[in-house]
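Heads up: the structure comes next, in structure tokens.
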Amino acid sequence: MPEPTKKDETETESAPPPPEQKTSQEGETGKGKVWSIGEGAPEETEKRDDAQRSTLFVEKPQSGSVSVGGNITFIAKVEAKDLLRKPNVKWFKGKWMDLASKAGKHLQLKESFERHTKIHTFEMHIIQAKENYAGNYRCEVSYKDKFDSCSFDLEVTESSQAAPSIDIRSAFKRSGDGQDDAGELDFSGLLKRREVKQQEEEPEVDVWELLKNANPSEYEKIAFQYGITDLRGMLKRLKRMRREVKKSAAFAKGLDPAYQVDKGGKVRFMVELADPTVELKWYKNGQEIRPSAKYIFEHKGNQRILFINNCSMTDDARYYVTAGDEKCSTELFVRDPPILVTKGLEDTSTYVGERVELSCEVSEDDANVKWFKNGVELTNEPKSRYRIKVEGKKHTLIIEEAAKNDSATYSVMTTGGQSEAKLSVDLRPLKIQLALEDQTVRLGQEIHLKCEISENVEGKWYKNGQLVEASDRVKLYHKGRIHRFVIASAAVDDEAEYMFVPDAYNINIPCKVHVVDPPKLHLDGLGEGNTVTVVAGSKLRLEIPITGEPTPKVMWSKGDKWLTDSGRIRAETYSDSSCLVIDTAEREDSGPFRITLKNEAGEDTALINIKVVDVPDPPQAPNVTEVGEDWCVMTWEPPANDGGSPILGYFIERKKKQSSRWMRLNFELCKETTFEPKKMIEGVAYEVRVFAVNAIGISKPSMPSKSFVPLAVTSPPTLLAVDGVTDTSVTMKWRPPDHIGAAGLDGYVVEYCFEGTDEWIVANPELTDKTKFTINDLPTGSKILVRVKAVNAAGESEPRYHPQPILVKEVIEPPKIRLPRHLKQTYTRRVGETVNLVIPFQGRPRAKVSWQKNGSPIDKNDINIRNTENDTIIFIRKAERSHSGEYDMKVEVENLEDKATIDIQIVDRPGPPEVVTIEDVWGENVNLSWKPPKDDGNAAITGYTIQKADKKSMEWFTVMEHYHRTSATINELIIGNEYYFRIFAENMCGLSEDATMTKESALIAKDGKVYKYPVYDDFDFSERPLFTQPLVNTFAVAGYNATLNCSVRGNPKPKITWLKNKVVIMNDPKYRMFSNQGVCTLEIRKPSPYDGGTYSCRAVNELGEAEVDCKLEVKVIYHGVINPGEPFFLAGNNQLHSKDF
């Protein structure tokens, strides 16, 4: 039977929805529809989810309903406020059918834009709606990355008359293969075995009620039971029957729900109109029917009749008639005449393997006939054992080689009858043409069993009654009537009784197979040369597999001695192996052992070498050949006996002599016979020992070495430099070595040699423990090289050389005072504090230092002065104010001199202010005035502290602190009280010890009086620039930032300009300038000698200008050029004191 085409599905599913349904959501989801606006095409409808979309619609199209032939419009509106161009809008029917290509007579798409409201309006007009326009529609709008969608439904209503019930079984029993909507003949309900008989009367059953109340999964079962072969048409009809049909205004009487007619017959459709003037049209599957010889129209009053002559299977379709906007439809079923079985099947008997043919004849050529075996349908597939042959009305079922399981009841079935017959397949009598023969084979040879029987049947092989399956080792062959059993290589287990049993026959063909095997030793598991190695002291159990049939006799021997089954060395024999057992192996057990096998089939023998290995002997005591600071070098000899296994390496251990705890020094084997232990403690006695290692294990330790103590010479002395040179001597100085070690330092050896020679002369025959030594008796003008060695118990260290030859000649070095930075400004101390100033200088030879205070010599009884070759110290144990003044220092070397001045200021607490007077009293206020103290303590007065006391209690309370003026107004006094006031002066040392009190008291009167404020002229703050702190001469070190500082005041605020050598410094990244609260700073980043010179700071305002200057000297220091760590100046050997930095 042909399957329904896509056209069949779409046409038969296009029935109109009932008028009661407002939407097409129920019953139409996933169903096919016919869209015929313009050039319509079928489309599946499916709802789409509108969630998770952007919001573009301001008005969405709404679902609607329209009657057949009516018009309807759907409107969608989109706001264009945020859109730069018109959005893209598409209309769809169903899931994906774009309606833009369907615009025409029945569909129109329009769009407009309102400029005032900025609203885009999109309209879809459906004109003269048809029944199949109903369904789900969708409108989509998109703009760039925004998207919105809306689904809506269209319902097209129609009117139809209620139809009387019909006999569904007769209406749907049809078959055909030439029409567009033909049902498919289904034989599945006729598979039960039954005989051809006349159709009997069936009881009346309401099949519609059964279908309405049944589960959809039961539909096919009900159709088979009641002979309904067109299941698809039945279900479609059932769907229509469930709808409620409302009365039609146009049809007084409508079409019946269904009509049936035999093929070649004539059918009559009749409707009765309520209004005979209404135009009537007939349709078949949506196509209008025109009058012809096949289709005849007839009018009888209000009746309208359609005759269809000579019905064929193409007329099996859906018909409907329209009257105005109303419609009435029906189904026409064309019934094909049944096919009869004219000659039935006959019972047949045959033998297995024979060809079988079962034939029958039917009433028509090439009819559709189905074959069944025991009720199961047989198909004519290429791989099927059954072949169906059709010759006109004759149908034949062919089985090429019948088998026992082909015995069954076979039946043939047509639309009008059936026939069945029994097929019996039996076995032929079996004869043994060639029986199996007994065989004797040697182990490893092929076993080949063969038999021949009279029939080509399968069979099974058995070994000792057990079924044998084919495998990689056992091959079973069957070709025609010959059966073969093959084992390519016989084994001992293959000796057995074999038997072949044909399938389905109660006979067997037996034989016996006997396997023989000469004795053999299997030594595959032994090493090269059949050597077995065993560790001394362990047990050896050497198992040698043996084979042989019958079981061979086993004999073991070593030399001329045969082994027994008892003792420390013995032999144990089993059915498939023999064991050589040595309970406790000894080195003397090494040697060849012979094993011999004998049986009646032959003999086999072999030599097995037993090698007993042990740990090696300990090495000899090691020798320590060299000792260092924390290391030593040790050597040893290999052990005399390696234990039968090569020496793999050595482990080394050490311990302190006074300790018993040994520590392993290497965790990886040392392959050599020398080793260098490290990380020992200098000055501690140690011992070392060695272990030898082979594949068996570790030997016992060797004897300890002789004790030794790690010692090391010191590192070379450091900072060797020239301390002084005369015409006949050179004085050298140095620093102790960086590392001395446990051996300590005994002293130093100073050696020298003249330039151009290699002979080093010891300057000190005895060690000196000082770090300074003078080499005397040198010729004037000669040049010498000097080196120094440190000496301890371990010997002399590496020498430290002076990098340059030294000229033996006294050199005049001009004097230079290196005044520390903190002494370049006023040096301030309090009375009673200690003054201790160290001023370094340079100058050779024999620099003379002198001091003066305020131009007069210093009293050495009052001030202590101590001079050295490189510095001078001024010391005052308890400073007094009389020690303040300018101290002049002068350094002289022959006719050269250098001077420096130090300003020392000794300060103390100030005295009290002078007379304090009460200038005025008014209200709650008192105005005080006073004079500064006569004694300011040798420091500027920084403020005053004012206290008040009530005359009654005379308890003093502070009302002002750190007050700078000499007049003040005291506020918030209590009316009626009488007050005294006192004032303390304050400087950098603190408050004065005494205070000055007012002689009179101030009474705060209760009656107030009007206070007349004094008239003051506005103070003129204008001032020309004045440097309150000048620049000072500064020394800077090359590579380190230097700063120049000064302070200036002036009003208006002066403009600051920095100059170098009278040239203005501008836009130079090397300099940074700061000014904060009148303090001016010039920062020079990493200066070089070229940055030295005269620097000036100029302040200018409208009242004038002021300028200060200073000198900056930049020194380059090279550390370690002459003496490591000692500064060396680029220009001469000038030295800097550490306090300069």
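From the backbone N, Cα and C atoms, a Cβ is placed for every residue, glycine too.
What TrEMBL says about a protein is an automatic prediction, not a curated fact.
Per TrEMBL, domain 'Ig-like' is recorded for 337-424 (among others).
Averaged over the domain 'Ig-like' (519-609), the predicted model has a pLDDT of 86. The domain 'Ig-like' feature in TrEMBL is assigned to 519-609 (among others).
According to TrEMBL, the domain 'Fibronectin type-III' annotation covers 618-717 (among others).
The domain 'Fibronectin type-III' annotation in TrEMBL covers 718-811 (among others).
Annotation source TrEMBL lists domain 'Ig-like' at 815-903 (among others). Under DSSP, residues within the domain 'Ig-like' (815-903) fall into helix, strand and coil as 6 helix, 52 strand, 31 coil.
Look at TrEMBL and you will find 912-1007 (among others) tagged as domain 'Fibronectin type-III'.
Annotation source TrEMBL lists domain 'Ig-like' at 1025-1109 (among others).
The region 'Disordered' annotation in TrEMBL covers 1-52.
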What does the DSSP secondary structure composition of the domain 'Fibronectin type-III' (718-811) look like, as residue counts for helix, strand and coil? 0 helix, 45 strand, 49 coil
In contact by Cβ distance (the domain 'Fibronectin type-III' (618-717), the domain 'Ig-like' (1025-1109); 3 or more pairs under 8 Å): no
